[in-house]
Protein chains: 2
Amino acid sequence: MEQAAGELVIIGGAEDKDGECEILQHFFSLAKGRDARLLVLSTASTDPDAGEQYRQIFSAMGAAEVRVLAVQSRQKANSPEYARIFAECTGIFFTGGDQLRITGILGGSLLGEALFKAHRDGVVIAGTSAGASVMSETMLVGGANDATPKKEIIRMAPGLGLLKGAVIDQHFAQRGRIGRLLAAVAHNPVILGIGLDEDTAIIYKPVGEYEVVGSGSVTLIDGREVACSNVSESTAEEPLVLTNVRLHILSRNYAFKITGRQIRIHPLKEDT
Amino acid sequence: MEQAAGELVIIGGAEDKDGECEILQHFFSLAKGRDARLLVLSTASTDPDAGEQYRQIFSAMGAAEVRVLAVQSRQKANSPEYARIFAECTGIFFTGGDQLRITGILGGSLLGEALFKAHRDGVVIAGTSAGASVMSETMLVGGANDATPKKEIIRMAPGLGLLKGAVIDQHFAQRGRIGRLLAAVAHNPVILGIGLDEDTAIIYKPVGEYEVVGSGSVTLIDGREVACSNVSESTAEEPLVLTNVRLHILSRNYAFKITGRQIRIHPLKEDT
């Protein structure tokens, strides 16, 4: 599988937009700072103005150009102009909304192809909330909050596939989503569950390292050592049984790397 | 440490009271069924009628006697009559409410002494919600729901100490309490975190086995292999870091036993 050259900034929603904007600043830097030519993709939202606040923030940071693409239909997504537009950008930002709008409108479109090409060529892609969930190969598209883990409390669907081997959940602590992330991992324990709190992100670097930024926690659910699971035989109403899950909670200035079957976790220098 | 002869039925709150009453039936059986002489302790609640619904349920099940003790003051709790009352009972049931009322009113009282003696002599004790939390040596008395794990999102206090080596949280999935249970375990990873969903209980048997009953999940948080923790140096506002936590989710008809540093989990026969 070809390894893309661009980073991913995967944000658990509700990132700081008024204060130091730690997470958005990280994205801005990775997108070349004052030389940034940014595309804000607000397809996830039905509100055509959803990208405007990000345009204002990145413009205020000093980006050379910020363009909002409020692509609301497959017809629009198949415009041939996107090949050029994405070839010239230095960063792509997915707003929140509904992840099924992102895949339903952009999946298989010319815009989608242009976006993947840009990322392979080194362009950073960020996404918040729905824009975070959509990063994985199989994504969570819905599920009960504050719920006992059961097989049918979640729905999954094919995502953009930018992040391999993981499934993302967002607004994680704030909406009580450990149950649904455990249910997702139970379906195939080879997949790492990554729960992102609000105002918290992981930055995935092509060298294979994930860094935590922001004010909350990142929860990792590693099911590869699961000893006992009833995922296939349990009914929709029966709670899942899942033993021997490994769980990690990390905060800013920690990083991890997946090496074989190990998750290696280490603190970063404070000044990185 | 002397091993009490009585069982514990530790319930995550909101147990079924209208249908098959699976959990309450288990308690009723352990308390000798039709020969049961039950004491319902509603001290946790400021409502003097809080025990009445349990009196009605256990009477309808056919208990020989059900008596509600709505002990609301330390003066009352120090009445010498409790030695006799507890010596004659076959089961004790703590209602929900505020766990600090249970310990604040009963802790160190003659009633408390009579209760511990009855349990040592083989009397089963059940508790739901606050009545569950209070079972452990150190108990959770408060904490934020749906919260990023941080050191100061929880408050702990000395509990009744009937259950050794564990800390209980209740209404677990329904109120999004994994964050506060992780925070509790972070404070001392030797303590097993036990999260009980609503209408879900563990039955602790003096042979050292815990059985799961009811309709939801029991979540076990085993921190003994934690590799990295910032619990001492983090500030009140900083998220906890805690790596290499082992997590298990179990449902009815599963049992576990703690043997040395191992938690041994096994399914029970369907007909047990």
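Glycine residues also receive a Cβ, built from the backbone N, Cα and C atoms like all the rest.
Predicted automatically and left uncurated, TrEMBL annotations should be read as such.
Keep in mind it's a predicted model, so treat the numbers as computed, not measured.
Secondary structure from DSSP puts A:Ser129 (active site, charge relay system) in coil. Around the Cβ of A:Ser129 (active site, charge relay system), the number of neighbouring Cβ atoms within 10 Å comes to 24. The active site, charge relay system feature in TrEMBL is assigned to A:Ser129 (among others).
If you look up TrEMBL, you'll see A:His171 (among others) marked as active site, charge relay system. Secondary structure from DSSP puts A:His171 (active site, charge relay system) in coil. Taking the Cβ of A:His171 (active site, charge relay system) as reference, residues of its chain lying under 8 Å away and at least six apart in sequence are, in sequence order, A:Gly12, A:Gly13, A:Ala14, A:Ser129, A:Arg177, A:Asp197, A:Glu198.
Following the DSSP three-state reduction, the secondary structure of A:Glu198 (active site, charge relay system) is coil. Here TrEMBL flags A:Glu198 (among others) as active site, charge relay system.
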Over all shown protein chains, what is the count of other CB atoms within 10 A of the CB belonging to A:Glu198 (active site, charge relay system)?
22
